[in-house]
Amino acid sequence: MNIHVPRGTEDLLPDVTKKWQVIEEKLNHLAQVYNYKEIRTPIFERTELFQRSVGDTTDIVQKEMYTFEDRGGRSLTLRPEGTASVARAYVQHKIHGSPEQPTKLYYVGPMFRYERPQQGRTRQFTQFGIEAIGSASPAIDAEVMAFAMECYQTLGLKSLKLVLNSLGDQESREAHRNALIEHFKPVKDELCQDCQNRLEKNPLRLLDCKIDRDHEAMKTAPSILDYLNEPSAEYFEQVKKHLDAMQIPYVVDDTLVRGLDYYTHTAFEIMSEAEGFGSITTLSGGGRYNGLIEELGGPDISGIGFAFSMERLLMALDAEGVELDKDESVDCYVIAIGEEAKYASSKIVYQLRKQNIKVDQDYLDKKVKGQFKAADRLGATYAVIIGEEELNNGVANVKNLKTGDQKSVEIEKIADEIKTGF
Ligand code: HAM
């Protein structure tokens, strides 16, 4: 039997990778415009990192991690997300000591979650994300959301919705937590096993449950917004004011809790409203994490960020019919006629490439007609034709395939001729 990719993973063939390249180029540019610098962290980390940051009672840590023991008996995990690693690196390298604060970082790379594969949900997916660490200003919350929206807008997407909530500070969360426990206690037995287990430990997770989503008690659950203390409510107001100032539309949804434990204050998601996008409409998610850096052994410094997967971005582009075009045609194709000319062809191709000219030649012993066809298929503007007679005279025929014009050119001068164009 042939071997296929593991379930929940996929090969990206050149007709897809070319779209990725267009996207990555635009995102790299956008990161520069917003003054974020790239960070690359390992694909696996110590398991404890995710237990302590993403949270022991989350679905990600309880059910979805690819965890293994290495030959030295250490428990390692393929990263399920990027924030924990960035926060770890920030603490490990004492980046908080650098004068450039907040530290604004971005990353692109594969993440792994053992989830049930479906459209928009794979076991290996590629996240693009940013983290701004070292500022507790509501202005940077707004900047991160503006960046998140811009990622999609710069690619031409329009049917987007920014959904916003506040999870408050520690005190507000504690008050809400107690209210949630009181609310769900009477119906505990009607909830799924996970929810029953989480009720005392982390009741916020109940609001994120996929099984009990339609339970009556979910609809009447206490809203976090009613439990925000004065500073948290004020912080939320200021975040909204910054968004208003930038004229970025949003809707507040007090049921948005996110699936990771490190969030405080701002939490947000961007949804696609495009018809035919599919059942999972969340394109990206993020929020503020005020205790995370400290939890990982760093100072009491807060951060905010967001991430999305390239896979869901591509789905949104498809749903909205946005084409990403990249010119992959070659400038030139070298056509050799006869055995001896093949050596000259290799030489010419090599020389032209050194001059940055996109060029290719035949490796299948095709006849002249076949080589012209290949040149056409590759979109070549010029063909360089070299036969025995040209070889003897140290020249080649350079033909502009678009106009039909041709010239005899000294072999050493072909690059100049093509660069100048005729
Ligand atoms: P998250 O909501 O778990 O947040 O994931 C962010 C995004 O990653 C999702 O909105 C989705 O685009 C993509 N994603 C997640 N799981 C899958 C999957 N199985 N298949 C395809 N795409 C997926 C985080 O990961 C946080 N680290 C975001 C963040 C950064 N918060 C603060 N900073």
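Yeah, the Cβs are placed from backbone N, Cα and C, and that goes for glycine too.
Database features (TrEMBL):
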type    : residues                                                            : note
DOMAIN  : 1-317                                                               : domain 'Aminoacyl-transfer RNA synthetases class-II family profile'
BINDING : GLU81, GLY82, THR83, ARG113, GLN127, GLU131, ARG258, TYR262, TYR263 : L-histidine binding site
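Taking a Cβ cut-off of under 6 Å from any atom of ligand 1, the binding-site residues GLU81, GLN127, TYR263 reduce to GLU81, GLN127. Annotation for ARG258 (L-histidine binding site): spatial neighbours LEU167, ASP208, ALA267, GLU269, GLY285, GLY287, criterion Cβ-Cβ under 8 Å with sequence separation of six or more. Around THR83 (L-histidine binding site), the same-chain residues six or more apart in sequence whose CB sits under 8 Å from its CB are SER53, GLY129, GLU131, LEU260, TYR262, TYR289, LEU292, GLY305, ALA307, listed in sequence order.
Classification of GLN127 (L-histidine binding site) by DSSP places it within a strand. According to DSSP, THR83 (L-histidine binding site) is assigned to a helical segment. The Cβ of TYR263 (L-histidine binding site) has 28 neighbouring Cβ atoms from other residues within 10 Å, across all protein chains displayed. Counting only same-chain residues six or more apart in sequence, the Cβ atoms lying under 8 angstroms from the Cβ of GLN127 (L-histidine binding site) belong to GLU81, GLY82, TYR107, VAL108, GLY109, PRO110, MET111, ALA307, PHE308, SER309, MET310.
Other C-beta atoms found within 10 angstroms of the C-beta of GLU81 (L-histidine binding site) number 20, with every protein chain shown included.
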